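According to TrEMBL:
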- B:8-121: domain 'Response regulatory' (DOMAIN)
- B:ASP57: 4-aspartylphosphate (MOD_RES)
- B:136-236: DNA-binding region (DNA_BIND)
- B:136-236: domain 'OmpR/PhoB-type' (DOMAIN)
Amino acid sequence: MSRSLLPKSLPGQLMLLVAILLFVAQAINFALLLNGRRQLRTAQFTIPAVNRVLDSVEALRLGQPIDDRRGIRQSNIGPLPAIPPHHHDAEALEKMLRKALNDNGYQPGIIATRIAPSRAGPRPPTAQKRPRLRRSINELRIAVELPERGWLNIRAPWPGNDNFIFWQLIFQTAIIYMVMLIPMFWIGRRIARPLGHLADAARYFDPSRPAAPVAERGPGDVRAVIAAFNQLSERVTAMLDEKDRMLGAIGHDLRTPLAALRVRIESVEDDGDRERMAAIIEEMNRTLEDILSLARLGRPSEAASDVDLAALVDAVVEDFRDLGADVSAEEAPRTRIRLRPSLMRRAIRNLIENAVKYGGGAEVRLIDDGARVNIEIADRGPGIPSDRMADVFDPFTRLESSRNRDTGGIGLGLALARAIVREAGGDIVLANRDGDGLIATIRLPRG
Amino acid sequence: MAMAETPHLLLVDDERSIREPLAQYLTKQGFRVTQSGDAESARARLNAYSIDLVILDIMMPGEDGLSLCRHIRATSEVPVILLTAKAEETDRIVGLEIGADDYVTKPFSPRELAARIKVVLRRADSGGARQNGPDASAFSFAGWVLKTAERALVDREGVTVALSSGEYNLLHVLVTRPRQVLTRDQLLDLTQGREAAAFDRAIDNQVSRLRKKIEPDPKNPQIIKTVWGGGYTLAAEVTRL
């Protein structure tokens, strides 16, 4: 039997195990019962048969008549039929007879035994007395050759074959199976079903949507596990709530001095200085927003909605162009997709921003191949050495060794963009262009 | 109230580090500014003075800005500009729903705030009793819904059509003034109060981009109509949601 045929569920395995154990127990019972019946047969049928042979031989020796009605007669012809068919008790029976005759001083010749269907006629009285053995419709025929006295033929009752016992046993086993396996199945289900609910609850655990606790059902152990899981999920949710509160407080506490600074720099006389300061504050604020977004991404507050991705890409590109950046886009047809628009907008913006920052400009294309939607953002910058491709996604990694403020950012942009795209079920792939530059591709699954 | 007089602003923020320099800046810009560090004193000053506009921080200990905004809206017609943080988007939506006129996101440019104050005051002044009304959380027109907090446009099928900042600002100006003819200069002036994005590019360019997004047939526009010699007008029924 292949492994895959074995049941995997708890009720299935329980039932299979119990069925096998019951079968083994029943087989042992069956063997014991057969053995017991053999001993019974010896006591009830074989020994009387041997005694009757002895009695008859004794009667013959003394010249007394033999009572034909008891199925014994003397004849000069051999056993009927002459060659007895084999039956499994024959040898033991013949041995027993010979020994008994020898012990009483007789030297018999051939001893043959045969089991045959009972002839209609007077039933042996021993059989009639025992209703349980009514089915003993067979008879044992014994032929003993007495030297110089011819043959002694004896008919004795013999129990019928054991088939009925076999059927009785199957019937009994079936009843036991029913009595045992139905409750077993019920118990198994009682354990397995709450465990199944628990597994579902754990699998689909979503801290952003507080779910009702799993109902505590089933036996005590299972209830304990479910209660522990409910407490765990409550703790996780509470911790995430706490994290959100903390992030909110951090955001507020960092934004307040930034806002104060932003107001204060209006008093700076030099326009150039003031604008540079404003740009730095703006950048610090953007970095802060990126950090907070990245930290919150496990539990985004924005809901997914149906979005025209072509318009989204176009809007981001247009924002860059309004600020004077060299960003071009191919016009794309309406591309309906379900995602979190503000977050995706930020991911696209971060990638275009990188292209503008490191590549001097960006060419953006939206390609819908039916199964997937790709957003390609290509630049004409130096590209990325192939051995550093994976590194650039690490937060706080930048390729130039100098942390030059002019180029801005701390390398969080790409990490955040990838986290956003992955949360939406897609991925970002980087590749160097033939010639010069880098292509960053946002791959999003459809539907 | 005539614009010739110095408009009286009430600035409510618990952060002195923001409130004081901001009050200084706005005073320099020609406003009269009264400061208040919490909601309770703000209520007292609202009763004591004739305030033309309230600048209100949402996040304050004790009674917060939203609650105070609700109180102001229930008792008077004074326009309100909210100071928010980007993370508090839901607060912003609630703020607009309960009748705030505008909001700026911290850290904000004081120049931008001053420009918006002027726009809101002009709006309150021109229509008298808030005819153009405060900002709403959403406007519905010609099968479209413009959501102000998300700064997004939603079509009949419920699909969000994203707008660039410039497009949004222009459309926002148009839907708050339906069937009014707005000249290019007026549009430039009105959109300036918003983020710096819009000014560099010609209004015509923004209009044609917007038409491409919202008109069934951009070559024969029915929603944003050109008025010869005048400017543009939104030729559609607008419902505040």
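Backbone N, Cα and C atoms are what each Cβ position is placed from, and that goes for glycine too.
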From the DSSP assignment alone, can you count helix, strand and coil residues within the DNA-binding region (B:136-236)? 38 helix, 23 strand, 40 coil
Model confidence for the domain 'Response regulatory' (B:8-121), as mean pLDDT, reads 87
Within 10 angstroms of the C-beta of B:ASP57 (4-aspartylphosphate), the count of other C-beta atoms across all shown chains comes to 24
The DSSP breakdown of the domain 'Response regulatory' (B:8-121) into helix, strand and coil residues is 58 helix, 26 strand, 30 coil
